[in-house]
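Participant: This is the structure I have questions about; it appears just below.
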Amino acid sequence: MLAIRSSNYLRCIPSLCTKTQISQFSSVLISFSRQISHLRLSSCHRAMSSSRPSAFDALMSNARAAAKKKTPQTTNLSRSPNKRKIGETQDANLGKTIVSEGTLPKTEDLLEPVSDSANPRSDTSSIAEDSKTGAKKAKTLSKTDEMKSKIGLLKKKPNDFDPEKMSCWEKGERVPFLFVALAFDLISNESGRIVITDILCNMLRTVIATTPEDLVATVYLSANEIAPAHEGVELGIGESTIIKAISEAFGRTEDHVKKQNTELGDLGLVAKGSRSTQTMMFKPEPLTVVKVFDTFRQIAKESGKDSNEKKKNRMKALLVATTDCEPLYLTRLLQAKLRLGFSGQTVLAALGQAAVYNEEHSKPPPNTKSPLEEAAKIVKQVFTVLPVYDIIVPALLSGGVWNLPKTCNFTLGVPIGPMLAKPTKGVAEILNKFQDIVFTCEYKYDGERAQIHFMEDGTFEIYSRNAERNTGKYPDVALALSRLKKPSVKSFILDCEVVAFDREKKKILPFQILSTRARKNVNVNDIKVGVCIFAFDMLYLNGQQLIQENLKIRREKLYESFEEDPGYFQFATAVTSNDIDEIQKFLDASVDVGCEGLIIKTLDSDATYEPAKRSNNWLKLKKDYMDSIGDSVDLVPIAAFHGRGKRTGVYGAFLLACYDVDKEEFQSICKIGTGFSDAMLDERSSSLRSQVIATPKQYYRVGDSLNPDVWFEPTEVWEVKAADLTISPVHRAATGIVDPDKGISLRFPRLLRVREDKKPEEATSSEQIADLYQAQKHNHPSNEVKGDDD
């Protein structure tokens with residue numbers, strides 16, 4: 001048997017007809033190829049040797065005639081007259097395109113042998129399959145159009161929303177990634193938190209109603225995560241690798257993609273634009289949420305030789321299959337920069353609300369005033385003690401939101417967010433806030449917060465305040481605790497501070513010394529900077545969680561479980577007193593031994609451990625900040641101004657920003673040019689020069705009157721001290737929280753140090769800035785800056 005090569009048909013199409021005829025012509029040719037494949041070889045030979053036209057010649061002739069009737073023979077004005085398709089010439093007399101000789105494929109090139117084992121289909125079955133294929137494509141097309149036309153329904157108030165009217169896929173079918181991408185696109189045009197939460201809630205409800213098994217993947221992608229933070233799973237792809245994937249997927253050069261990225265400042269927009277200008281003959285299967293999520297996890301697992309190439313190819317396969325706005329949001333997800341004005345907390349709130357509408361298990365507790373608000377609160381609270389979507393989401397679906405606290409508990413081996421303290425400016429303020437309440441004061445150590453889990457199998461896991469796994473960084477800590485825990489202790493979770501310590505001089509060393517230690521795979525024999533563990537809380541002991549117990553009980557459990565060894569493991573130095581003079585002396589003593597100040601905690605009233613919360617039941621008092629704003633702040637340099645005079649050649653001042661967690665944006669708060677030694681200024685200028693970008697990020701909020709000379713990628717975190725905070729018409733920090741139209745700025749900011757232990761998104765939040773402003777003793781309307789601050 002012989003069959004027509006479809007690829008050879010298609011190669012001849014461009015030389016036979018204009019671009020508008022291609023779709024008509026190609027479908028005819030595919031049908032012709034199947035019909036001719038059933039002709040016997042002998043019949044073909046007779047037809048070719050006969051003086052009459054062959055079957056192929058007749059079919060081609062008919063196709064040309066049909067194409068001429070459907071499309072007028074006019075000059076193609078849609079492309080440049082200087083550009084010609086391959087195999088075309090320009091007739092000078094007629095001024096129209098004609099097919100040059102030799103461009104048609106030879107008959108033998110159009111025929112290829114078919115395996116004898118293949119059973120030829122009848123013409124009827126061939127035509128029937130063509131119809132099915134066409135119907136499937138039409139159905140896919142209509143499903144996409146239907147989804148785009150319906151996506152606006154997600155903006156309805158949840159009470160008025162019907163998931164069945166929104167879904168464009170059958171129950172049990174995988175959720176299309178386009179659905180999530182279109183929902184993201186809808187959110188991108190909104191700024192109100194309530195509207196954004198409603199859209200997310202309705203999106204999640206639609207997934208629950210159709211394909212609940214896809215909910216975990218949908219929640220992870222919405223939160224722009226691929227795994228729990230403590231697992232340390234990251235995509236591990238740089239911008240250059242993503243650029244390569246985009247260029248190869250969409251037929252662009254890397255230089256072209258880089259140029260567009262510089263112009264647009266958003267690789268997602270570059271990917272979307274590249275896809276929109278690319279035509280494809282054969283469309284891959286549409287992406288699903290699960291396909292994207294599973295591929296992300298596969299990318300994260302790639303390691304070793306050629307891992308970057310493998311990651312790039314996986315990304316490319318996803319990009320090739322994208323359509324509409326999918327390239328934009330797929331690329332941003334790959335960059336872990338979704339930037340849609342909502343955070344993981346918003347996703348949790350939406351998840352809780354979606355569960356209420358899907359609730360089939362139980363009714364809300366009696367006297368629940370607002371089930372939606374209560375459900376959102378429950379999911380957020382559960383996430384603080386068990387931050388694992390893979391556990392929470394199935395529990396939510398099977399047991400309901402009201403039972404979630406019973407089914408999802410604090411678990412050994414899964415770190416919780418640390419309880420944090422609010423700043424205060426003096427001992428008198430402490431006594432005023434803690435009237436008639438027993439409280440204790442502890443030294444505030446200048447080290448690295450650590451949450452240490454000791455498993456029942458005898459292994460340790462050490463986590464940072466951000467749930468990063470630091471076990472390999474502190475092997476000496478694990479050895480010390482193994483030696484000093486009492487035999488009765490089989491498992492525990494310890495909250496403590498790991499501090500650099502000189503054992504010969506019996507002296508606490510500054511944080512800067514601690515930061516010189518290697519961060520991964522540390523060998524005990526190579527350690528040059530020793531550390532001491534200062535323990536102040538016990539959250540779990542021998543299978544029993546203690547976070548609901550008051551501090552007095554937790555601390556007793558701590559003291560009973562370990563032996564102290566000075567320089568290796570010590571309990572935080574503490575005193576319980578409400579005498580103002582005694583507390584002042586204790587504060588001075590803490591500073592003398594190298595501590596930052598004091599942490600003041602309620603002892604037996606309102607004294608439970610509140611995970612991931614900056615609580616009024618813990619206060620911090622820093623000696624250096626009693627005459628300023630009460631605390632230092634951690635800010636991100638997002639731009640700079642060229643230096644003049646003796647600072648020529650370096651940056652003379654930097655524009656700093658705080659971070660708004662809910663809006664996912666950096667908001668300008670001050671310019672800083674003081675606190676730098678010449679060496680530090682050179683170092684910071686050199687470091688940030690490699691982070692210069694052409695235009696500010698879309699998620700930077702800066703006043704119109706500020707015109708920096710250069711903009712930076714948000715990469716560094718600087719600890720800054722200031723005299724006070726003021727309302728500012730120039731800066732955008734906390735706009736809308738204290739003043740509806742104006743932001744907050746720092747007066748007389750001074751750089752203290754670079755915080756290498758923090759990511760930009762972990763900088764001081766706009767909400768914290770507002771809290772500091774409101775806590776100022778002299779807070780009055782005249783405390784306002786009319787112009788720019790230096």
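Note that the numbers count up from 1, one per residue, in the order the chain is shown.
Using N, Cα and C of the backbone, Cβ positions are placed for all residues, glycine too.
Pulled these from Swiss-Prot:
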ACT_SITE  Lys444  active site, N6-AMP-lysine intermediate
BINDING   Glu596  Mg(2+) 2 binding site
COMPBIAS  781-790  compositional bias 'Basic and acidic residues'
MOTIF     505-512  motif 'Nuclear localization signal 2'
SITE      Arg193  site 'Interaction with target DNA'
SITE      Asn466  site 'Interaction with target DNA'
SITE      Lys646  site 'Interaction with target DNA'
SITE      Lys671  site 'Interaction with target DNA'
Participant: Which bits of the chain, at least 6 residues beyond where the motif 'Nuclear localization signal 2' (505-512) starts or stops, bring a Cβ under 8 A of a Cβ in it?
Facilitator: 445-448, 499, 529, 532, 566-567, 593-595, 753
Participant: Are any of Arg193, Lys444, Asn466, Lys646, Lys671 (the recorded positions) within 10 Å of Glu596 (Mg(2+) 2 binding site) when you go C-alpha to C-alpha, and if so which?
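Facilitator: Of Arg193, Lys444, Asn466, Lys646, Lys671, within range: Lys444.
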Participant: Taking each of the recorded positions Arg193, Lys444, Lys646, Lys671 in turn and counting other Cβ atoms within 10 Å of its Cβ, which one has the fewest?
Facilitator: Lys646
Participant: How many other Cβ atoms are found within 10 Å of the Cβ atom of Asn466 (site 'Interaction with target DNA'), counting all protein chains shown?
Facilitator: 17
Participant: Can you tell me the CA-to-CA distance separating Lys646 (site 'Interaction with target DNA') and the residue listed as 'active site, N6-AMP-lysine intermediate', as a whole number of Å?
Facilitator: 39
Participant: Report the DSSP secondary-structure composition of the motif 'Nuclear localization signal 2' (505-512) as helix, strand and coil residue counts.
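Facilitator: Per DSSP, the residues of the motif 'Nuclear localization signal 2' (505-512) fall into 2 helix, 2 strand, 4 coil.
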Participant: From the Cα of Asn466 (site 'Interaction with target DNA') across to the Cα of the residue listed as 'active site, N6-AMP-lysine intermediate', what is the distance in angstrom?
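Facilitator: Rounded to the nearest whole number, the Cα-Cα distance is 19 Å.
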Participant: Secondary structure at Arg193 (site 'Interaction with target DNA') (DSSP, helix/strand/coil)?
Facilitator: helix
Participant: How far is it from Asn466 (site 'Interaction with target DNA') to Arg193 (site 'Interaction with target DNA'), counting Cα to Cα, in Å?
Facilitator: 25
Participant: Restricting attention to the motif 'Nuclear localization signal 2' (505-512), give the mean pLDDT.
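Facilitator: Result for the motif 'Nuclear localization signal 2' (505-512): average pLDDT 92.
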Participant: Any idea what the Cα distance is from Arg193 (site 'Interaction with target DNA') over to Lys671 (site 'Interaction with target DNA'), rounded to a whole Å?
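Facilitator: Cα of Arg193 (site 'Interaction with target DNA') to Cα of Lys671 (site 'Interaction with target DNA') measures 29 Å after rounding.
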Participant: What three-state secondary structure does DSSP assign to the residue listed as 'active site, N6-AMP-lysine intermediate'?
Facilitator: strand
Participant: Provide the number of Cβ atoms within 10 Å of the Cβ of the residue listed as 'Mg(2+) 2 binding site', excluding the reference atom itself.
Facilitator: 21
